[in-house]
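If you look up Swiss-Prot, you'll see Thr2 marked as active site, on the strength of sequence analysis. According to Swiss-Prot, the Na(+) binding site annotation covers Gly157, Cys160, Thr163.
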Amino acid sequence: MTTIVSVRRHNHVVIGGDGQVTLGNTVMKGNAKKVRRLHHDKVIAGFAGGTADAFTLFELFEAKLKLCSGQLTKAAVEMAKDWRTDRMLRRLEALLAVADETASLIITGNGDVIQPEDDLIAIGSGGPYAQASARALLENTNLSAREIVEKSLTIAGNICIYTNQYPTIEELKIKTKG
């Protein structure tokens, strides 16, 4: 598995993930990029789960974003509909965390689309550790979204054996209206 964490704070949304890929109890790769930019760099996304499955989902989600003119929530719902009804997709074992200027969402393997409380997402085997640390940092510090993601990934990596200390982090600056 892995750890993906997303935080939205002070006109920034950030998604970060570790770089470890395991096969059974063996580390196969330590610098995988599980977070990427999509749709003309307006959407950031991270995955937890099977690597091949996740790349398939990235491609499918990017196609949905294009079809839905970059509307994140609409694309996520359309993706979830396909995930629920397509036999091949139902066999894919992965979760996606996606965000743009307006929303942060989790797309599950069951075809659910979840907008979490406080725009905090943490998925994967290290997700509970990252979520707890990010929540504590959000509530008790003035750290930036990026700093919270970095520290949460470090904490998760110190606890979860399926999470390492080689993160990929992507950030979007949210344009304020006015």
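In case you wondered, yes, glycine gets a Cβ from its N, Cα and C as well.
Overlay of Swiss-Prot feature records on the structure.
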residue: Thr2; record: active site; contacts (Cβ under 8 Å, 6+ apart): Gly17, Asp18, Gln20, Lys34, Phe47, Ala48, Gly49, Gly124, Ser125, Gly126, Tyr162, Thr163
residue: Gly157; record: Na(+) binding site; contacts (Cβ under 8 Å, 6+ apart): Thr3, Asp18, Gly126, Thr163, Asn164, Gln165
residue: Cys160; record: Na(+) binding site; contacts (Cβ under 8 Å, 6+ apart): Met1, Thr3, Ser125, Gly126, Tyr129
Thr163 (Na(+) binding site): tally of other CB atoms within 10 A of its CB: 29
Chain-mates of Gly157, Cys160, Thr163 with C-beta within 8 Å of site centroid, Na(+): Thr3, Asp18, Gln20, Ser125, Gly126, Tyr129, Leu153, Ala156, Asn158, Ile159, Ile161, Tyr162, Asn164, Gln165
